[in-house]
Structures are given as C-alpha cells and as structure tokens.
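Asks: So that we are looking at the same thing, I have put the structure below in structure tokens.
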Amino acid sequence: MNHVVKHNHTAVTKVTEFILMGITDNPGLQAPLFGLFLIIYLVTVIGNLGMVILTYLDSKLHTPMYFFLRHLSITDLGYSTVIAPKMLVNFIVHKNTISYNWYATQLAFFEIFIISELFILSAMAYDRYVAICKPLLYVIIMAEKVLWVLVIVPYLYSTFVSLFLTIKLFKLSFCGSNIISYFYCDCIPLMSILCSDTNELELIILIFSGCNLLFSLSIVLISYMFILVAILRMNSRKGRYKAFSTCSSHLTVVIMFYGTLLFIYLQPKSSHTLAIDKMASVFYTLLIPMLNPLIYSLRNKEVKDALKRTLTNRFKIPI
C-alpha cells in the first residue's frame, strides 16, 4: 500500500508495504515449485534441527568440531526459516505483500545469520588446522572459552553490521513503485526502487560484503594451506587419507557457500541480471542449508554412529 502525503503542495508517496513477485510468475509452475520448495524446507529443518539435537545429546560429539557444526546448523536453519515460509506463501496467494517494518526485520535477521555463517565456517577451518597441524596442543588451544569467543564474536559483529545496513537502507526514500521482483527480503533488489542516490549505500555494502567475505575466506585458505602442507609431509598413506577425510565435508560446504556469495555480492550493480541472481540465491539460501547436514552426516562415520546410538538408546529403535 502507498500513502500519498502532501508537504508544501508537493505530493510524496510513502511506501508502507512491498509486493514480492516471487521466483516466477508462470501460473503453471506455482504448484510444482511450492511442492518442491516445501520438501526442501522440511528436509532443511529436520536435518539441521536433528544435527543440533544430536551434537547436544551425544557425549562423544562434545568436541570443538561438532560444537561449530551445531552453530553452523543453527545459522543454516535461521536464514532458511527467515526466507522459506514467506516464499512458500507467494506460491499460493495472488499478491504476496509484506509490510515495510516486517521487510526490514526479515532483512536484518537474514544478514545476521549469513554473516555469522561466514565466520563460523572460518572458525571450523581454524579448528581443523589446529587438529591436524598442532594435535598435541589441540585441547589447550581449542579450550571451551575459546570456542565460545569464536561463535559469540561473529554473532555480535553480524548483529552490528546488520542493524547498521538495515537502518541506513530504510532511512532512504522509496519511489512510488513498491513491487520487488524477488522472492525474499534482500538489500540489492530493494535498492532498485530507491528514489535517493544509492552510490554511497552501494559502496558501503560492497565494502562490508567484500571485507566479510575476503577476511573470513582468507582464514579458510590460510588454514587449508597449512593443512595441505602437513598432509603432504605425512609418511603414512592411511594418515594422509584420515586427515583429508576430516576436512572434505567442510571443504565441500566452503566451496559451495563462498563461491555463490562471491558471485552474487561482489559483482557491480550493472552486472546483475535478475534471472541469474534468483538462481544463485535459491542455491545458497535454500539448497545449501539442506545439503550441509546431509554432507556432514553421510560422509561422517562419527555422526552416523551417534545417530544410531541416540535412536537405539533414547527412542528404543532397533538399528
């Protein structure tokens, strides 16, 4: 809804709600896509919530690696839940509206979870570096207080950045149109309907996005560089395989997540095309949160064994 307010005989349109156009406007695709994304979201919730519960209940998973994995699942569950329910509504209603304040709220929470995940992934890489390169000091370096610092600092920092960017964005003026050709609340599609000059805001977003991505990615790359050197120096083939296998799941997630974000957020505005942005956004906002727990569980014997123990001991399910 747009309200027209008159100031000194000048009509100014005040946007009070937005219309999210969704992934597609093809009527024939609405029902199939609703079913597909509903299944994806349910698998995401079950997988990530299950990982959180499993790493909490099973004492053998009370290690730094699974501590970080629990928080990775929390962030995955967080930003997918911010997006998916509202997106699913868009498939079954004629006009999917979202209020001005609720758009800002969803955007803020989405940014909190996304930025937090970047630094949790880098903390997981550092954890693998310490485990492989400094095994005798692992318990000392990765003490419980250190673990909490490595997750609380990203949560606090991401909250600050999210609030700063959201407040900065919503202080600007919007044009008459309130239609956003996107399927979730993000800052890039919203900037297309701003009346104000967006150069400063684009620069701020580019700086924050670039610094967050490159700083966290540099931690990952440096950690894996040392890990690779340590693995190549191992005499035992079995030892090299075991060391690499402990990193393979995390490395797979890192490549998918960082690759997509670098593709989306470090492009200049002129290079963005709506169709490609939507496809890339679907991948990292909906598919990656679904795939992460599957990657960590299917390729991890400890997780599979813990699941068997939990189902057998707590729920009396014979396996």
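In case you wondered, yes, glycine gets a Cβ from its N, Cα and C as well.
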Asks: Are T55 and Y184 on one side of the membrane according to Swiss-Prot?
Replies: no
Asks: Please compute the mean pLDDT of the model over the topological domain 'Extracellular' (167-203).
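Replies: On average, pLDDT over the topological domain 'Extracellular' (167-203) sits at 81.
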Asks: Between the transmembrane segment (244-264) and the stretches 61-81, 146-166, 204-223, work out which stretch tops the count of Cβ pairs under 8 Å.
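Replies: Between the stretches 61-81, 146-166, 204-223, 204-223 has the largest tally.
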Asks: Compare 32-52, 61-81, 106-126 by their Cβ pairs under 8 Å to the transmembrane segment (146-166) and return the stretch that comes out on top.
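Replies: Comparing 32-52, 61-81, 106-126: 106-126 has the most Cβ pairs near the transmembrane segment (146-166).
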